[in-house]
Structure formats: C-alpha cells, structure tokens
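Step one of this worksheet: look at the structure below.
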Amino acid sequence: MGTALHETNSSEVHVSEFILLGFPGIHEFQIWLSLPMALLYIVALGANLLILITIYLEPTLHQPMYQFLGILAAVDIGLATTSMPKILAILWFDAKTISLPECFAQIYAIHTFMCMESGVFLCMAIDRYVAICYPLQYPSIVTEAFVIKATLSMLLRNGLLTIPVPVLAAQRQYCSRNEIDHCLCSNLGVISLACDDITVNRFYQLALAWLVVGSDMILVYASYALIIRSVLRLNSTEAASKALSTCSSHLILIMFYYTAIVIVSVTHLAGRRVPLIPVLLNVMHIVIPPSLNPVVYALRTQELKVGFRKVFSLSEFVSRK
C-alpha cells in the first residue's frame with residue numbers, strides 16, 4: 001500500500017493505484033468462490049471457441065443467423081476475459097492492486113463488451129423476428145451485407161459512446177481513499193472514491209444505460225412479443241410449441257442479463273457503498289451469460305450440432321487434409 005498514494009505537497013495526496021478488496025463482507029471466505037469462477041471462465045472460453053471454429057469451418061453455417069451467433073461468441077470471450085483473470089488473481093494470489101490506467105482500461109473494455117452483448121441480442125431478436133414473421137422476405141432482408149452493416153454499426157456505436165466513461169473517470173481527483181470494495185473496476189465504484197464532484201459521471205452513466213442498453217432492451221422485448229404473437233397464430237401446434245420453447249429459453253437469458261444490469265446500476269446510483277449482492281450480480285452477469293449463451297443459443301440448434309460433429313470428426317479432418 002505504500003506505493004498507492006503519492007504526496008505532492010504537505011496537504012495534498014494523490015492516488016496512483018487502486019486496491020480491489022474483492023467481494024464485500026466475505027473477504028476471508030471468498031477463496032471458495034475461485035473454483036466456480038474458474039470453471040465458468042473455462043466453460044466460457046472453451047464453448048465459445050468451439051462455436052467460433054465450427055461456424056468458421058462449416059460452409060453450411062455461413063448464414064446470418066449463425067454469423068450473429070459467432071459474433072456473440074466472440075463478444076462473450078471478450079466480456080469474460082476483461083474481468084475474470086483479474087478476479088482470479090485477487091482470489092488466488094491476493095493481487096489486489098491495479099494501476100489507474102489499467103483500471104480505466106478495464107472500465108472501458110467492460111462497458112464496450114456489455115454494450116456489444118446488448119447490441120448482438122438486439123440483432124438476433126431482429127433476425128428471428130424477420131425469419132418468423134416475414135419468412136418469404138427473410139433472404140432478401142437479412143443478408144450478409146446486413147450482418148456486416150449491423151456489426152460495424154454496433155462497433156461504432158459502442159466504441160464511441162463508451163469512451164467518455166473512462167475519460168470522465170480519469171479526470172476526477174482521487175486524493176486519499178483508494179480501496180474499492182469490489183473485485184473489478186466498476187465505474188461507479190471507482191468514482192465514488194473521488195474527492196471532487198462526480199455529478200457529470202453519474203449523469204453520463206445513467207444516460208448511457210438508458211440510451212444504449214435501455215433502448216436495446218425495449219426493442220428486444222418488443223421483437224419477442226411480436227414473435228410470440230405470430231407464433232400463437234400458427235396452425236401447426238408442433239411448430240408453435242417448438243418456436244415458443246426456443247423463444248422462452250432466449251428470454252430467460254435476456255431477462256437475467258438486463259435485470260442484473262438494472263439492479264447494479266440502480267444500487268450504485270442510490271448510494272456510495274457497494275453491498276455484496278449487487279457486486280455478485282455485477283460479476284455473475286459478466287461470467288454466467290458467456291457460459292450459458294453457447295448452450296441456449298447454439299448447442300440447442302440442430303444445424304450447429306451437426307456442423308460441430310462434421311468439423312471435429314476424425315474422418316472429416318482426414319478428408320480435409
């Protein structure tokens with residue numbers, strides 16, 4: 001801790017690094033969380049890498065629906081990797097210090113990947129909406145060009161709109177307190193340590209949540225509402241049941257993702273202290289969706305399972321050689 005604070009004159013002390021204390025209230029027991037965290041991280045990396053490889057190598061999966069799944073897998077890997085290595089370092093090696101530039105970089109990466117995840121959810125909802133509600137027009141609407149434009153739009157939107165978050169945090173003055181009762185650099189947890197006014201930071205955080213994640217959430221739910229309405233009108237009971245089963249699985253993950261974001265944001269904005277439950281939710285909605293998304297969105301898709309067997313079967317590997 002001796003390197004964490006630097007005294008510039010007799011009355012002014014500036015922070016040069018933060019100390020991430022881990023999960024609040026259970027610091028002496030948090031080592032027991034390391035195993036499930038590590039397993040979830042391994043699953044997130046392994047399952048999503050398999051999805052990416054399968055979609056890339058199997059020509060029959062070079063379709064918009066599976067391309068969005070591939071983008072989601074890449075985003076999930078990025079989202080988990082921006083935070084989990086540091087969390088595991090804290091739990092296993094007590095590596096609690098993090099420099100200000102590293103902390104601000106983590107804030108930017110987490111916000112960008114979270115917004116990207118939300119954007120991919122929206123693209124996938126639109127893709128399913130067009131496929132179910134306008135099946136004849138689907139091939140001409142959701143094309144490869146549409147996927148490219150949607151992906152570039154998401155990258156541009158999220159990359160630019162999240163830049164002010166770490167920039168505004170870096171402009172604050174951190175005078176003496178440098179301990180964050182968290183296991184990652186949460187923006188609102190960091191700026192709560194500032195010794196100057198953080199009104200602009202809080203306002204932009206709220207505006208970003210509503211303009212990006214909030215609007216995506218509304219459009220996603222609206223898309224699935226229209227999908228369910230169309231499905232209920234189908235004459236085939238079997239087709240309707242299959243579509244509703246798929247939509248319900250998707251909606252469970254989407255509801256978990258967006259509900260966790262809302263709870264964490266409201267809790268942070270309501271006060272300066274970060275309780276245990278919001279911190280756990282904050283971490284879980286970064287780690288759990290990347291682990292579950294490959295199962296719910298991908299591995300339940302018959303075409304992808306067939307593609308996986310073809311790509312990783314020995315006979316197919318030999319024939320490609």
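Glycine is no exception: its Cβ is also placed from the backbone N, Cα and C atoms.
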In Swiss-Prot, Phe104 and Val306 sharing a membrane side: no
Second cysteine of the disulfide that Swiss-Prot assigns to Cys103, among Cys175, Cys183, Cys185: Cys185
Cβ-based contact of the transmembrane segment (129-149) with the transmembrane segment (71-91), 3 or more pairs under 8 Å: no
Residues from the same chain, set at least six apart from the ends of the topological domain 'Cytoplasmic' (58-70), whose C-beta lies under 8 A from its own: 51-52, 120, 123-124, 127-128, 131, 142-144, 146-147, 297-298, 301, 303-304, 307, 310-311
Sequence-remote partners of the transmembrane segment (37-57) [C-beta within less than 8 Å, at least six residues beyond its ends]: 66-67, 69-70, 73-74, 76-77, 80-81, 84, 87-88, 91, 283, 287-288, 290-291, 293-295, 298-299, 304, 307-308, 311-312
Interface-richest range of 71-91, 106-126, 208-228 toward the transmembrane segment (276-296), CB pairs under 8 Å: 71-91
Same-chain residues near the transmembrane segment (208-228), Cβ under 8 Å, at least 6 residues beyond its ends: 111, 114-115, 118-119, 121-122, 125-126, 128-129, 132-133, 157-158, 161-162, 165, 243-244, 247, 250-251, 254, 258, 261, 265
In three-state DSSP terms, the structure that Cys185 (disulfide bond) belongs to: coil
